[in-house]
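Q: Here it is, the structure in full.
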Amino acid sequence: LLSQFDPDNTGYISTEKFRSLLQRHGSELDPHKLEVLLALADSNSEGRICYQDFVNLMSNKRSNSFRQAILQGNRRLCSKALLEETGLSLSQRLIRHVAYETLPREIDRKWYYDSYTCCPPPWFMITITIVAFFLYNGVVLDRFVLQVTHPSYLKNALLYHPQLRAQAWRYLTYIFMHAGIEHLGLNVVLQLLVGVPLEMVHGAARISFVYVAGVVAGSLAVSVADMTAPVVGSSGGVYALVSAHLANIVMNWSGMKCQFKLLRMAVALICMSFEFGRAVWLRFHPSAYPPCPHPSFMAHLGGVMVGITLGVIILRNYEQRLQDQTLWWIFLSIYVIFVLFAIFWNIFAYSLLDLKLPPPP
């Protein structure tokens, strides 16, 4: 093929030869992939197409030059919208639904629908939810959730406690403990309804990065802004994912075609506000174990800040490589600076400020 359409071995194919190739073999291609190939030909203004872009596309890969060609071109869609297709199986309808829930561009929805194989499945969010929450709390603690009035609430090795901040694992493992069944229930629901579809589209690596970044930012925010309080719950990671998803919908409002998007955004915001309001009320409510206060609510805010910065960049265009985006490096640098600042704050500020910390559990 290369010797026939690129006899001089330049690495490029003329758009005329490329179109003739599509006309000759177009019936053998998936209609979604053919549409993207036609969009590539229509958007190219130099009269030639990189052969490697063609190879990458046929092997379900996107090079940077291919992405730029699609972004800068007209992206003329030649067939009906994915939403109008009929005769789909249950799994195909689920994949289409996820595409319309998370992606703002029709060409990206078709690309995702055509290339998604459910291999690997969205294992990260399911593992965190089922194994971490229910297996640990149910089997190890013999309780699915520890209320803040339970005698073992402060006496476990998971929650973050200001007196035990030198035990670095607590900045992560606090997500496995929750202050009440309603706290656990709402986080699990949001995590599964939002996190699983996002992982299906963006992959475990990106979603786990946003989630863990929100978790770490949450505990560090508590150690800086609410220095005498413990913290429990996965709200930092959950709020990072949900806020990134909601911000992505707002930024691409006209392109998002999910049903009842305004109502669903309102419901999500109401649920988040209710849970955050409950956390604020609990923080200032008289503690069952004075002088140790109830858990802090600052982890929620740390997760939101990660979601609307790093999370938005990661979810903006699912096929883009992060290293190609300037904003990614800016927000990542800010996040790293905050983490380093919080580490030094934890090392020096507690002794310099002479705080009266609650006794260790």
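A Cβ is built for glycine as well, from the same backbone N, Cα and C atoms used for every other residue.
What TrEMBL records for this protein is below:
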{"type": "ACT_SITE", "residues": "Ser235", "note": "active site, nucleophile"}
{"type": "ACT_SITE", "residues": "His300", "note": "active site"}
{"type": "DOMAIN", "residues": "1-28", "note": "domain 'EF-hand'"}
{"type": "TRANSMEM", "residues": "123-146", "note": "transmembrane segment"}
{"type": "TRANSMEM", "residues": "207-225", "note": "transmembrane segment"}
{"type": "TRANSMEM", "residues": "231-250", "note": "transmembrane segment"}
{"type": "TRANSMEM", "residues": "262-284", "note": "transmembrane segment"}
{"type": "TRANSMEM", "residues": "296-315", "note": "transmembrane segment"}
{"type": "TRANSMEM", "residues": "327-353", "note": "transmembrane segment"}
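I'd like to know what surrounds each of these features in this structure.
A: Taking Cβ-Cβ distances under 8 Å and a sequence gap of 6 or more within the same chain, the neighbours of Ser235 (active site, nucleophile) are Asn187, Gly218, Glu275, Ala279, Ala299, His300, Gly303.
Just so you know, the Cβ of His300 (active site) picks up 25 other Cβ atoms within 10 Å once every protein chain is counted.
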Q: At a C-beta cut-off of under 8 Å, are there same-chain residues at least 6 beyond the transmembrane segment (262-284) that contact it? List them, or none.
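A: For the transmembrane segment (262-284), the list is 148, 179, 182-183, 186-187, 189-190, 194, 226, 229, 233, 235, 239, 242, 246, 249-250, 293-297, 300.
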